[in-house]
Structures are given as structure tokens and as C-alpha cells.
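Look at TrEMBL and you will find B:12-33, B:82-106, B:113-131, B:143-163, B:192-213, B:247-269 tagged as transmembrane segment. As annotated by TrEMBL, domain 'ABC transmembrane type-1' applies to B:78-269.
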């Protein structure tokens, strides 16, 4: 790793400068993660200290992957993450392409489209929960007119659709900004050349613009999956609470429930370890992509 | 554009206006709902035009909250959120700028090792290690305190990276000149590096403030005393506290108040926000 050609030399100063960050990282990041690893291979003792914690190798993990509730949660998380990512990215791309055509109104539209990013996932959840409220919400009212009986309190699919919309909504702003920046960076001469060759608008988009956006699309794909898997706890907790009948019980919500409500620390720790594995894989993918893009 | 397509542009405007309407709609509904008296929400469909109860709803929310369900007044919760967001923001910025300074401007044994320790925090979001982190904070006796709300969240790999990237682009000559003039490292940092970084600091400030204000899971875990509730997590108590339907007029007034500060920050500092967002994630 590079530094400056010329550096200051002080024996203790750099350590002192790094100390706050490193100490906080060790205490609140590394140590708890290590604890999670440790707890994941122990069966917890009872509250009275009669039966001490016992080393059980990988039993917690075996139990986890044999548990139909956990397998269900994995499936739910996959559906939720893919749904949220596709919805927010496709809508954002559409908006970005349209705004990119504008000259005078570009900034106005951008301003109107970016601010939902400021709204916390939990609040976004509550907002859509209100709109979809089966007794007074406007969406069930409108759906009723076309003959659909919406009830996310009983129907798992309805609940899933609601949390996907709520989670994707605020992420549209984020994706929009990145797509817009990406579109602005595409050389106009390429598009003009294709137009002279007689390519239609649609053809130009799919054969030139979209492939040139692929690095950004891929980057956003990873970021959005990470968002949907880890940052949407608030959406679930403030609205459906994993229900009805486990239909929206995503992994991060399950870790929380099993750890803090059901007090099953062994299983919760094993779930934490699985989640850490997922984050590490996603982060590595993201960094490999960044390296590749730098080499362009 | 290549060709001037009048119908195409018209079509694009229609899509965008519809799109903006859909994006704005949830917040519009919240603002409308927060102006109606409680009776409106008993039956029928929710209103789409403003009511007359705005003043009353907002004063009730700010000064009383929903005391019977154990939710404190919103005013106090907003103050707590503000303190937490500021502590996280300032904490993150200061510890990451000095560690980036150490990593870029010094050569010392263990440098790479420390860099990797900081980097690891990227891979370990709070959500994946909830229980043990909670135990650590509880062991330190930091439950129900502002220290507990903010300190565990102020380590930031992204801010450190951003400052590192930026410092690498600062011309070498500046430091050489400072050294020739006899300035020590801290004087160089304070008088040259810090003023140069001011735009980056401001951009990160916007992002970090929003991040801090919107914290949900962490305050939920470590605050049991209503005096330390923050507004974003407090909403959940308002929605689920009690057995009946939520008091929608108060909930929506709270939603509007909770969303207002970060939204204002984005609207007034849009340029810095965009800069911060697109640079921190790369």
C-alpha cells in the first residue's frame, strides 16, 4: 500500500492518531464478532448455572439448517432481496434515462426524486403500511374496485409485496443518482454515430447505453442486495413483524427475534456467523469489481 | 440530443411527472393525515384533502406524545435524535480523519495491520452481531446513555477510505514546503490539510448526519428508558403500543416531524449530498 514519497517520522504520534478508531473497532466490532463465533459452537447453559455452557462443535449450525423455519427465512430473504433490488433499480433506471433527456428541467426533477433517501427505512415502512391499511388505506380501496381483496395481515404474499414496495421506495433515489451520473458520462459521439447508422432509440439504448452502464448496474446490484438484506430491519420490525405466518421473516429480523425475544443465543450466534459469511462474500465481490473497473 | 422528438419529450415528461407523483405520494398522504381529527380514521377511506386539526395534532404530538402507551413527547425524542446524530457524525469524522492522516503521512511498523483492522468494520454491520455487541455495551454500563447510543457506531471504514483517497491526491510539495518551513506534523495537519479537506468534510457530514438520525435497530436495543428514546425508533412504539388501531393522526404527525430534519438537510445541501453519496460508495 502506498504512502507519500516523503513521510513524517515520529515514533508514537501515528499510533496515537490511530488509537481511537482502532480501540473502538476492537471493542465494538472485532470482539463481538469473535464472541458470536465462539457462542455459535456452544450450547448455552441454563440461567441458574447448574448446567454450564457446553462445547457442541457444529450442532447449532446443523440444527439451523435442519430447521424448516430457518430455511423458510432464507427463501423469504432471497425473494425479498431480489424483489426490492429489481423494483428499485428498474424504476430508477427508467427515471434516470428520462431525466437525462431533459435540459432545463433536469435539476428540478432530480430534486424531486432524491429526497426520499433521507427517510429512514422504518418510517418508509410505516408510510406504506398506512397506505395499504386494509380498513382505511387507499390502495386496498382502489384494489377493491378491481375486485382484489387486499389484506396483508392474513395474506403472506400481500405482506411481502408491501414490504418490498416500502423498501424499494427510498432506494430509488440512491439508484437514480448513480444511474444519472453513469448516463451523463457516456460520450454523446457514440450515440450520434449509431443514430447516423440508422439505429432507433430503443436499439441505441439496448446496444450502446445499457452495456456501457453495466459496471454501474453491477455495483448497484451488490449495494442493493446488501441494503435489502441488512438495512431493512426497520421496515419489517415497524410493520409486519415477520408475519403473517413467517411470510416476511427475513434473516436479520430472525437473528434479532431469536436472540432478544426467544433468548436462544446459540442459534442466534450461528445465524450471525452465517450472515457475516454472506457480508464477506458480498464485500469481496464488490471490491473485485472496483479493482476491475479501475483497470479500464 | 440526436433528434428532436417532440412527442418523445412529451412522453418523457408525462412519465416523470407520474413518477414524481408516485414518489411523493406517501409523504403527501402523511402530511394530509396529520391534519385530520382522530374521528376521520375510524371508518371509510383515508382523506386526500387537508383537514382542520393540524395545529392541535402537532402540539399534542410534540408536548404530550402518547403518554398512556409509554411514548414520551416527540419534542424530547427529536432532541435525543439530534444529539445522537451529531455525536455520531462528529465522532466519525474526527476519528476517521486523524486515522487517515496517520495512514497516509506516516510510515511505521504495523501500518498495514491497522489498516486491515479498520477495513474489517466494513464487513461487520451491527445487524449481524447484535447479541454480542449488546452484551459488550451492557458490560460497560452504557445502556440508556448517549455514549451507548453513539460510540459503538462511530467507527467508520468508509470515511477513513474517503479521506485516505483525498489525502493521496494532495500534492507532495505542500508537505515538503511545510517541512522546510519547520512545521511539525500536527501543525501541517491543522493549517494545511484540514482547510483543504473542508468540502469533503461537509459532504461526509451530510451523509453521516442522515445515517445517524435514521438509526433504528441500535437505539431500539439499548434504550429501555423513555428519556433516551429517539424519534425514529419511537414511532414503532406508537404504532404497536396499545391494542387498538394506531392513533393515525398522531403517528403521521410524528412521521412528518421525524422525516423533516434529514429531508431538509438533503434539499438545502443537495450538491454536497450528491458528492458525499457518490464518493463514499466508490
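Using N, Cα and C of the backbone, Cβ positions are placed for all residues, glycine too.
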Long-range environment of the transmembrane segment (B:192-213) - Cβ separation under 8 angstroms, sequence gap at least 6: 81-82, 84-89, 92-93, 97, 101, 150, 153, 156, 159, 162-163, 166-167, 170, 174-175, 178, 232, 261-262, 265-266, 269, 272-273, 275-277, 279-280
Closest-packing stretch to the transmembrane segment (B:247-269), where packing means Cβ pairs under 8 Å, from B:12-33, B:82-106, B:143-163: B:12-33
Chain residues in Cβ proximity to the transmembrane segment (B:12-33) (below 8 Å; excluding those fewer than six residues from its ends, i.e. six or more beyond): 41, 46-51, 248-249, 252, 255-256, 259
Surrounding residues of the transmembrane segment (B:113-131) on its own chain - C-beta under 8 Å, 6+ positions past either end: 99, 103, 152-153, 155-158, 160, 217-218, 221
